[in-house]
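Copied over from Swiss-Prot:
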BINDING   117-119, 143-147, 175-178, 193-194, 215-216, CYS249, 337-339  NADP(+) binding site
ACT_SITE  GLU215  active site
ACT_SITE  CYS249  active site
Amino acid sequence: MNYLSPAKIDSLFSAQKAYFATRATADVGFRKQSLERLKEAVINNKEALYSALAEDLGKPKDVVDLAEIGAVLHEIDFALAHLDEWVAPVSVPSPDIIAPSECYVVQEPYGVTYIIGPFNYPVNLTLTPLIGAIIGGNTCIIKPSETTPETSAVIEKIIAEAFAPEYVAVIQGGRDENSHLLSLPFDFIFFTGSPNVGKVVMQAAAKHLTPVVLELGGKCPLIVLPDADLDQTVNQLMFGKFINSGQTCIAPDYLYVHYSVKDALLERLVERVKTELPEINSTGKLVTERQVQRLVSLLEATQGQVLVGSQADVSKRALSATVVDGVEWNDPLMSEELFGPILPVLEFDSVRTAIDQVNKHHPKPLAVYVFGKDMDVAKGIINQIQSGDAQVNGVMLHAFSPYLPFGGIGASGMGEYHGHFSYLTFTHKKSVRIVP
């Protein structure tokens, strides 16, 4: 994979600045045509994406169709259907102090944008922000993850087929290339990744007063109440925790269950894991050998009891689906976002305790999941735990709705996107007053 020199990166950045200045990207018809070209290029490279995602992350086709390609195509179709509505100026009243006048709000493009893609859903979480940049009327430079090289190469091919580089371009690379890109005066930056790198991005953006969106992560709790449907809960855990080998920013990071139903729940869960995820690579591949080693070290240090799993093969980047009971808040497994197929289990004795302990130890997660039949209690919990998003009796699928904003709060991120929210994120609200 060829990396560009700093001089060539600077040249590309300047070319995008010049192209944006022509205002070609502001034309609504141009934006729609760009979405159509992106859609066509993704479809034409579907088989290549299947192969690349299988190699990089061990993703089966059904997961790719749902959470990678399908998610992108659905987002494109939604934007095409609604863009005319979104770009229309919004008229507002003129108070007496500024009358007579006509007042309205328009959304203007930022300019040259920079999207830093992650490794875990490298197609969806790179191209969906790009859709926002396009519908906002911007140009865009994309740096996909260097840890998923096969998929990043296909993304570069898709972009090259769909767009001229002065409009949208991919720059491959690692830390050095990203550091140089972050030194440039972009008009907007969209980052998906870890909180530690997010801080670096924000510090770099501050030097140019560049607005940012940070899509980060955190330890998302799945809280199980005494009246929960245990079979439903296990179904959602099997999907949410172990898809993509646990490498999902909104995956349930830990299970926080009322003591009265813990044993019954774990009996069901462990049996399902043994039956449906019996192999060491049943959940897919971890992104690097280093990630396997990190998770193995945490398992070796835990004071909890492994109920199932914990088999690892570093060379295959594989770790079996693992459930660990008897975990306390100070356990190594609770020290950081796991981002792997390990489910620590903690128990609580009252709703008040559950709320207080989550807020104390891992506040403001990207998502909170509550399972129970009493909606007043369940809604009370999600109303008292600050989080990016929340669900009752379900996990993760809120991220597939273009009608819902997706984003974090505090350490789990800032800003949001999807659907109309992507358009709002990638544009500036401009107030206009016209005096007759």
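The backbone N, Cα and C atoms fix where each Cβ goes, and this holds for glycine too.
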Check the DSSP secondary structure of LYS143 (NADP(+) binding site), expressed as helix, strand or coil. strand
Hey, how far is GLU215 (active site) from LYS143 (NADP(+) binding site), Cα to Cα, in Å? 15
Candidate with sparsest Cβ neighbourhood (10 Å radius) among GLU146, ASP176, GLU215, the listed recorded positions: ASP176
For the recorded positions listed (LEU216, CYS249, LEU338), most other Cβ atoms within 10 Å of the Cβ sits at CYS249
In which DSSP state, out of helix, strand and coil, do we find GLU215 (active site)? strand
State the three-class DSSP label for CYS249 (active site), counting H, G and I as helix, E and B as strand, and everything else as coil. coil
Tally every other Cβ atom lying within 10 Å of the Cβ atom of LYS143 (NADP(+) binding site). 22
Write down the Cα-Cα distance for CYS249 (active site) and LEU216 (NADP(+) binding site), rounded and given in Å. 7
Name the secondary structure element type, per DSSP in three states, that contains LEU338 (NADP(+) binding site). coil
If you count CB neighbours within 10 Å, which one among the binding-site residues GLY117, GLY193 has the smallest count? GLY193
Would you kindly give the Cα-Cα distance separating CYS249 (active site) and GLU146 (NADP(+) binding site), rounded to the nearest Å? 18
Taking Cα-Cα distance, which of the binding-site residues GLY117, LYS143, GLY193 are within 10 Å of CYS249 (active site)? GLY193
Check ASP176 (NADP(+) binding site) against DSSP and tell me helix, strand or coil, would you? helix
